[in-house]
Amino acid sequence: MSSPSGGEDSKDDEKDEESNRLLPLSSSSQSQSLQSEGYSDEVAFEAREKIVIVDVEGPDSIDAVDYVPPFSWRKLWLFTGPGFLMSIAFLDPGNLEGDLQAGAIAGYSLLWLLLWATVMGLLIQMLSARVGVATGRHLAELCRDEYSNWARYILWFMAEVALIGADIQEVIGSAIAIQILSNGFLPLWAGVLITASDCFMFLFLENYGVRKLEGVFAVLIATMALSFAWMCGDAKPSGKELLKGILIPRLGSKTIRQAVGVVGCVIMPHNVFLHSALVQSRKIDPQKKAQVQEALTYYSIESSVALFVSFMINLFVTTVFAKGFYGTQQASSIGLVNAGQFLEEKYGGGLFPILYIWGIGLLAAGQSSTITGTYAGQFIMGGFLNLRLKKWTRALITRSFAIIPTIIVAIIFNTSEASLDILNEWLNVLQSMQIPFALIPLLTLVAKEQVMGVFKIGPVLERLAWTIAVLVILINGYLLIDFFISEVKGLLFGFLIGSGTVAYVSFIIYLVSRCGTSPSNGLSLELSERITCNGN
């Protein structure tokens with residue numbers, strides 16, 4: 001009789017120990033538990049879609065809490081993919097416009113800021129990946145459980161607004177590239193319609209598996225790198241000035257706006273949600289500490305390499321325009337619409353016209369970023385609203401949100417370069433306003449033991465992450481204030497902006513007040529389900 005009793009006590013002790021460790025419930029266990037109650041949650045990737053990592057479940061020692069397998073190049077290759085898809089947000093047409101304006105107006109002086117902004121972006125994206133790997137759920141799903149209904153609906157709306165703003169810039173960028181490559185034969189609205197078809201290309205590629213889709217993005221990134229490196233070779237920028245720009249911090253009163261733009265383009269709200277979902281394309285069990293730790297290591301390496309590549313591409317664009325237009329009369333009038341013509345006038349000739357090289361790179365940037373935007377839209381909508389829709393349905397809905405207003409914009413602004421530049425400024429402001437609604441939930445959740453278990457970030461990293469978040473929010477706040485002071489006219493419009501600002505700040509205060517609080521009912525239910533599953 002003593003033996004069964006001792007076995008039960010041992011099971012109870014193991015249950016308590018597991019509860020104290022607070023390792024998150026895996027997606028498969030959670031799905032089974034919820035399905036037994038008559039419903040199932042939306043997931044980023046179905047089990048059949050996930051890539052199996054070789055040898056992860058080989059020797060029994062891998063299941064040990066403190067065992068991490070030795071480094072493997074083969075495993076790194078299998079983990080490579082999500083970071084490069086994430087890095088597309090650092091290379092979209094909006095970023096390229098920020099690069100060319102920074103180069104034309106500030107010369108080489110802001111390259112150091114581009115470097116450190118990329119490092120800050122890397123830290124934020126690694127925290128996003130950490131949330132996804134350690135919990136088996138992406139950020140939008142976790143927000144659904146963490147916040148009350150009214151708050152999560154606001155967060156979902158803000159994420160959708162940021163995504164639509166980014167998508168309009170990306171689609172317009174692709175349409176400009178198509179106009180360049182067609183020698184002006186295709187108008188802007190036609191380019192928008194062509195770009196809209198990438199939704200179906202995305203669905204077609206997804207049917208062939210995650211790796212095929214990642215391969216297409218690798219080709220697009222390589223196309224950007226080759227195109228802009230070719231441009232840089234034609235421009236022959238000063239190596240000495242380039243090194244000085246990277247190593248020596250400089251900031252003048254005339255370049256503050258460009259500096260704000262460089263930092264503001266780094267953190268894309270939808271990209272924070274996206275990365276936490278992309279990392280779940282690999283088959284990792286969040287309940288096994290060794291697997292989680294190994295995945296975090298490989299994803300950190302992969303993300304670092306991906307963002308280094310994106311930094312070099314941004315560097316190429318900035319230096320080309322710094323060499324050709326810094327200190328000239330045209331510097332302040334260069335934008336995404338007319339950049340190709342200015343390049344052709346400055347560097348025309350050569351083996352292949354630089355106008356078309358620019359157009360090819362811009363098209364690759366626009367197409368890749370619109371596809372990742374569609375991807376992010378699926379995760380955001382499915383995660384916040386828990387919608388179980390077919391992929392083509394969700395992709396079509398997500399695409400329509402951006403394409404319909406973009407077509408309207410393209411028709412209205414088709415013949416006005418100045419109007420498109422003003423529109424781009426408004427879209428940058430729109431996205432800047434949404435940054436707190438991605439960063440604050442991320443930093444709140446990644447520091448919670450109830451959510452992350454043993455993989456919550458430590459106090460030093462937490463303070464560093466909050467410092468970066470506050471810095472980015474303040475920099476974008478400066479952009480907002482500067483923009484509204486110069487653009488907002490009229491008492492009624494000013495009153496509306498003021499009222500909106502009060503509501504905006506109040507919601508940010510609410511989100512910050514959630515930091516360090518006990519888990520919400522949804523997370524508490526998840527923990528109880530996990531304990532029940534372990535007990536059974």
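Cβ coordinates are placed from backbone N, Cα and C, and glycine is handled just like the others.
Feature list (source: TrEMBL):
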COMPBIAS  22-36  compositional bias 'Low complexity'
REGION    1-38  region 'Disordered'
TRANSMEM  111-133  transmembrane segment
TRANSMEM  154-180  transmembrane segment
TRANSMEM  186-205  transmembrane segment
TRANSMEM  212-231  transmembrane segment
TRANSMEM  305-326  transmembrane segment
TRANSMEM  347-365  transmembrane segment
TRANSMEM  396-413  transmembrane segment
TRANSMEM  433-452  transmembrane segment
TRANSMEM  464-485  transmembrane segment
TRANSMEM  491-512  transmembrane segment
So which residues does the transmembrane segment (212-231) touch in its own chain, when a touch means Cβ under 8 Å and the partner is 6 or more beyond its ends?
-> 80-82, 84-85, 87-88, 91, 202, 205-206, 309, 312-313, 316-317, 320, 343, 347, 352, 354, 357-358, 360-361, 364-365, 367-368, 371-372
Within the same chain, the residues 6 or more beyond the ends of the transmembrane segment (396-413) and with Cβ under 8 Å of it are 160, 163-164, 167-168, 171-172, 175, 187-189, 191-193, 196, 199, 373-374, 377-378, 381, 389, 419-420, 423
So, do the transmembrane segment (154-180) and the transmembrane segment (186-205) meet, by the test of 3 or more Cβ pairs under 8 Å (sequence gap 6 or more)?
-> yes
Check the transmembrane segment (464-485) against each of 111-133, 186-205, 347-365, 433-452, 491-512 and return whichever range has the most CB pairs under 8 Å.
-> 433-452
Stretch-level contact, the transmembrane segment (305-326) and the transmembrane segment (433-452), CB cutoff 8 A, at least 3 pairs | no
Of the listed stretches 111-133, 186-205, 347-365, 433-452, the one with the highest count of C-beta pairs below 8 angstroms to the transmembrane segment (491-512) is 433-452
Beyond a gap of at least 6 residues from its ends, the CB atoms lying under 8 Å from the transmembrane segment (111-133) belong to 44, 82-83, 86, 90, 99, 102, 139, 142, 242, 245-251, 259, 262-263, 265-267, 271-273, 275-280, 284, 286, 292, 295-296, 299-300, 303-304, 307, 310-311, 314-315, 318-319, 439, 442-443, 445-446, 451-452, 455, 457, 464-465, 468-469, 471-472
